[in-house]
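Accompanying notes for the structure given below.
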Amino acid sequence: MSTETGVPLRRRSTSLNGYHSNDVSFDGTVPLMEHNIVKKTDDGYANGGGKASFMTWTARDAIYVARVHWIPCVFAVGVLFFMGVEYTLQMIPARSEPFDIGFVVTRSLNRVLANSPGLNTVLAALNTVFVGMQTTYIVWTWLMEGRPRATISACFMFTCRGILGYSTQLPLPQEFLGSGVDFPVGNVSFFLFYSGHVAGSMIASLDMRRMQRLRLAMLFDILNVLQSIRLLGTRGHYTIDLAVGVGAGILFDSLAGKYEEMMSKRHNLANGFSLISKDSLDN
C-alpha cells in the first residue's frame, strides 16, 4: 500500500471498514496519513473503479476542515470575495494616477513631510543608515563568519530586482518627496518594483533568526515596518513594491539555502569519487 504524508483535509478512517471514526492518533496529534484516502488511491477511483473522493465526504469532514484547516478556509473565502471584486471593480483611467491604498492611508504623513523638509531629510538620513546596517550585516556574515547564504541571497535578489524594475518601469508618483541623503544617495533615479529596502531587511532578519539572534531580528523587523511607512508617506514606493519585497526576501533566502545544499552535495559527491579512486589505486 502506498503512503501519503501531510496534514489531511479529512478525518482519519479506521483500517477495518474504511468508514470515518471520531478517533485521533494515540499521541493526541493531528494524524499525518489518512487510511481511507490511501485506500481509495490504491484500489478505487484512481484505477477506474469506486467512488469519486468528494462522494465520500460527510458533514463531520466539513467541520473537521473548518476547525483544523481554518487558515486555508479563510483564504478560500478570500478567493471568492476577490472574484466578486475583480468582476465589479472599475479600472483606473489611463490618464489618472495609479490608485494605491497605502498612499490613501499615509496621506496625512505625506502632507506633514511636504510641509517639513527638514523632517523629511532627517527621516531619509535614518533610512539610509538602516540600509547601511542591512548591508553591513549581510556582508559581515560572509566575510567574518564564513556564512555566505545571506550574501548569495542578496545577490540573487538585487539582480532579479534590476531585471524586473527595468522590464516594467512604473511612473514616479506626483507626490514623491525626494531627499539628497536618501538611499540611493544623491536623489538619483531608481527602480520602483520591488523594494530592495524591504527585501534586504528581510534577508538579514531571516539570517538573524537562524542564528537565534532574536532580539536583533525583532529590531530589524520593527525598523522595516517603520521604513515601509516612511516610503509610503514619501511616495518612494507603491504598496505592491513593499509587499513583493517581503516575499522576495523570503524567496531568495530559500533559494540561496537550496543553492548551498546543492553545492554541498556536489562537493561531498566529488570527494567521495576521489576517495574511491584513491582507494582503488592503492589496491
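Even glycines carry a Cβ here, placed using N, Cα and C.
Taken from TrEMBL as is:
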- 64-85: transmembrane segment (TRANSMEM)
- 99-258: domain 'AtPDCT1/2 transmembrane' (DOMAIN)
- 122-143: transmembrane segment (TRANSMEM)
- 150-168: transmembrane segment (TRANSMEM)
- 188-207: transmembrane segment (TRANSMEM)
Which range wins on Cβ pairs under 8 Å with the transmembrane segment (150-168): 64-85, 122-143, 188-207? 188-207
In terms of Cβ proximity under 8 Å, which residues at least six beyond the ends of the transmembrane segment (122-143) contact it? 113, 149-151, 154, 179, 181-183, 185, 197, 200-201, 203-204, 207-208, 220, 223, 227, 230-231, 234
May I ask for the residues of the chain that lie six or more residues beyond the transmembrane segment (188-207) and have a Cβ under 8 Å from a Cβ within it? 127, 130-131, 134-135, 137-138, 141, 147, 149-150, 153-154, 157-158, 161-162, 164-166, 168-170, 172, 217, 220-221, 223-224, 227-228, 231, 237-238, 240-242, 244-246, 248-250, 252-253
